[in-house]
Structures are given as C-alpha cells and as structure tokens.
Amino acid sequence: MVLVRVLANLLMLQLSYAQKSSELIIGGDECNINEHRFLVALYTFRSRRFHCSGTLINEEWVLSAARCDRKNIRIQLGMHSTNVINEDVQTRVPKEKFSCLSSKTYTKWNKDIMLIRLKKPVNNSTHIAPVSLPSNPPTLGSVCRVMGWGTISATKETHPDVPLCANINILDYSVCRAAYARLPATSRTLCAGILEGGIDTCKGDPGGPLICNGQFQGIVSWGSDPCAKPHEPGSYTKVFDHLNWIQSIIAGNTTATCPP
C-alpha cells in the first residue's frame, strides 16, 4: 500500500513538471541531441549571447540570414545545452561573408540570406555534421522542422538552455500575403507555420534552418509580433531558389549575383 502511494505521488510530480514545462515554450520541445548536428549558434565577442542561428552546409560554409550580420561574429558548432557543454564543441570566426544585399539594405520581405565562409574548416564529430542543400523545392502542406535557441515566450525575452524543435507546415504564399499587407505579389520566400497559432519561431531564431522531409529548405527570417499569433505564419528564405548563387560563391565566383 505504501509503495502504491509512493508511485502515485511520483506520477503526480511527473505530470505537474510536464505541465509546467509545456507552459514555458512557444509550441516546441527540447530537440533530440542527435537531430541538429548542422545547427550552429551565432553570437558576438562582446555579448557572448546567441542572437541568431545558422546551418552548416559543408566543413567550411555556414548559411544564415542577412539580418544576423554583426561585427565580431563568433560561430559555435556542436552546441546543445548551454550549461553542459559537449566535448566536441568548436568555435569559428568568419573569413568572408556574402549577402545578396547589404544587411543594412536588404528588404524585410526578400533576400534575407547570408553565406559565411569559416576561417578554419570544422571537423565532423558526434555533434557536428553538415546538412545537404535541397534537390527539390518543398511541396505545399509538407511538415517541416524548425529549431533554435530563440526566446520561449511571446511577451518576455526568455531564452532556453537547449535548442527547441517544433513541427510546422508549408502554407500557400497567399496565406502570408493575407496576414501581411505589405508583402509583394511574388517572393523567393516560403510561408510556413500553424494557422491556429501557438507554434512559431521567435526572437533569436532567425538564420536557423527549416528542415522538410530531411532537406534544408528554408532560413528563418521573420514573423508576427508577438510571435505565434493565429493566422500570422512566418516567412523563410527559400534555399532552393538561391542554390545557383550559393554554389557559385562556394566554387569561387564571389561576384555571383542573387536571383532577381
């Protein structure tokens, strides 16, 4: 009888903890430590605080958002918990940075992309490995995975110790146009989210990856303010539409131009 009571009390504590944990996040959960080997954190030397994410696409190149550009950027790879550091964490600085437009003049609606060449290549390890560029664009309705260390509250800037992951859907571009009146008629972006709200990327997540069916399809760009509002999905730079530019830069053609 005593054992039954003890087990019942433990179950109640577990349920209570689970409920409180779910109330602390914008629709996400802690990522599995093995599912984000390509996810990198961007921070500045002075702040030491993650302001953006990025995606490792080979041992020497990281793809992020133009809005994430800063002076004295540091790139941390192999991170999971900010409290318990993985043994294979590596830190790099940029050798070169390329954007379609200057980070000061890019439009909020388009061309939010930055390619970073690392000063020193990284070594693949238990928690570090690149992700492949997409072979095809994502299909409408695809279930995609977003991840990052962005704020876990829509009203107060509170960052988690570990990256959070959540599933969202690729939506028709017209859904984003209906939500944001200033969007152009066409754009090289993806509209993605949950129409009911409650699940969204937020401050600190820009530059991170949108993974659809195992392929790197989007770069977190911007969304509603406050985050996770119903019928106001997020905007993601469409990686597939920028493949030629990305591959040309990596191949050494540093004067390559982005798609119009």
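Each residue, glycine too, has its Cβ placed from N, Cα and C.
Predicted, not measured: the structure shown is a model, and the values here were computed from it.
CYS258 is paired in Swiss-Prot with CYS100, the candidate among CYS68, CYS100, CYS144 named as its disulfide partner.
Bond annotation: of CYS191, CYS202, only CYS191 is listed by Swiss-Prot as forming a disulfide with CYS176.
Bond annotation: of CYS202, CYS212, only CYS202 is listed by Swiss-Prot as forming a disulfide with CYS227. When Swiss-Prot is consulted, the disulfide partner of CYS212, picked from CYS68, CYS144, turns out to be CYS144. In this structure the C-alpha atoms belonging to CYS68 (disulfide bond) and ASN124 (N-linked glycosylation site) are separated by 24 Å. If you measure from the Cα atom of ASN123 (N-linked glycosylation site) to that of CYS52 (disulfide bond), you get 22 Å. Counting every protein chain shown, the Cβ of CYS202 (disulfide bond) has 26 other Cβ atoms within 10 Å. In terms of C-alpha distance, the listed recorded positions CYS100, CYS176, ASN253 place CYS176 closest to CYS202 (disulfide bond).
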